[in-house]
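Noted in TrEMBL for the protein shown:
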- R95, K96, K99, H101, D122, D123, T124, A125, T126, T127, G128, A129, S130: 5-phospho-alpha-D-ribose 1-diphosphate binding site (BINDING)
- 109-161: domain 'Phosphoribosyltransferase' (DOMAIN)
- T126, R154: orotate binding site (BINDING)
Amino acid sequence: MLSDRERLLRLVKKSTRRGHFKLTTGKESSLYIDGRNFTLNSLGLYLATKLLSKKIRPEVTVLGGPTLGADPLIGGILLYQQARRKKQLKGLLVRKEAKKHALKNLVEGPAVKIGEKAVILDDTATTGASLLKTKRALEEKGLKVVQALVIVDRNEGARENLAQAGLALESLFDINDLV
């Protein structure tokens, strides 16, 4: 019987496309990891949620991430933790830019307290730019970002860029697991 990690890896591999792709970072790649393909699938979301939840530090009370990649992960972890009566958590989603109408928020979610500890999440990391933007947005709300988690690290600088910002990147897989 396959472990949860092996089952998720199979789904991630099935969601990895070969071809010619331009990534969010502007970089060209022969591999595209379609995170929504496995995080918007009930089994994929369950497995990712379960595995990421095990890595979240005990002091963390807030989950944050860039929309769209982190949206299902944050929702899944919030529900998983509540159902297991593990911990009351809050989720924050960081938009690419602040809304132009209504509340004009860059960060969406419930109120948080200054000094609360946060983890930033995403499905994949390339250079870490989206995670770093999320980190800055949460810090502007008074949060202390203490952890960064992704499902796949593409090994294209995210780990190093986050380390320069004082944050270690943890991943369930890296690009070498997919090829």
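From the backbone N, Cα and C atoms, a Cβ is placed for every residue, glycine too.
Nobody curates TrEMBL annotations by hand; they come from automatic prediction.
Cβ packing within 10 Å was compared across the binding-site residues R95, R154, and the lowest neighbour count falls to R95. In this structure, S130 (5-phospho-alpha-D-ribose 1-diphosphate binding site) is part of a helix by DSSP. Assigned with DSSP, the residues of the domain 'Phosphoribosyltransferase' (109-161) fall into helix, strand and coil as follows: 16 helix, 19 strand, 18 coil. In sequence order, T24, P66, G69, D122 are the residues near S130 (5-phospho-alpha-D-ribose 1-diphosphate binding site), counting only same-chain partners six or more apart with C-beta under 8 A. Least packed by the Cβ count within 10 Å, out of the binding-site residues T124, T126, is T124. For the pair T124 (5-phospho-alpha-D-ribose 1-diphosphate binding site) and R154 (orotate binding site), the Cα-Cα distance reads 7 Å.
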